[in-house]
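What follows is a single structure, written as structure tokens, with notes after it.
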Amino acid sequence: MASYTVKLITPDGESSIECSDDTYILDAAEEAGLDLPYSCRAGACSTCAGKITAGSVDQSDQSFLDDDQIEAGYVLTCVAYPTSDCTIETHKEEDLY
């Protein structure tokens, strides 16, 4: 099992967390004491949306984002596993529309 450093850029500042490749980024952030937005926790809405600016994730469990949004770097943190060290800007739901 690999572990990666995930840098989260929130409206309140930056935080770096460790996240294993079998843990959703939202879950790891909560375990680290960060308060990120979420609703369904199933990849079926956009409340937890963020934008990845470096690195990569596996969000194959998501069912909300379309191909263009994924291509643009949007990620649903509730169903995203890190596949490398990565940087994600959180609180991006409004930018999807």
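Backbone N, Cα and C atoms are what each Cβ position is placed from, and that goes for glycine too.
Swiss-Prot lists 4-94 with the feature domain '2Fe-2S ferredoxin-type'. Confidence annotation: the domain '2Fe-2S ferredoxin-type' (4-94) carries a mean pLDDT of 98 in the model.
A strand conformation is recorded for C86 (disulfide bond) in the three-state DSSP classification. Under 8 Å, Cβ to Cβ, and six or more positions away along its own chain, C86 (disulfide bond) finds Y4, V6, K7, I52, A54, G55, S56, V57. Taken from Swiss-Prot, the feature disulfide bond applies to C19-C86.
Note: C45 ([2Fe-2S] cluster binding site) has non-local neighbours S39, F64, i.e. same-chain residues 6+ apart with C-beta under 8 A of its own C-beta. For the recorded site, C45 ([2Fe-2S] cluster binding site), the DSSP three-state label reads coil. Taken from Swiss-Prot, the feature [2Fe-2S] cluster binding site applies to C40, C45, C48, C78, supported by experimental evidence.
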**OP:** Going by DSSP, give the three-state secondary structure for C40 ([2Fe-2S] cluster binding site).
**Re:** coil
Original post:
Excluding C40, C45, C48, C78 themselves, which residues in that chain have a Cβ inside 8 Å of the centre of the Cβ atoms defining the [2Fe-2S] cluster site?
Top reply: L26, Y38, S39, R41, A42, G43, A44, S46, T47, F64, L76, V79
**OP:** Could you round the CA separation between C40 ([2Fe-2S] cluster binding site) and C19 (disulfide bond) to a whole angstrom and send it over?
**Re:** 21
Subject >> C40, C48 as binding-site residues, winner by CB count within 10 A >> reply: C48
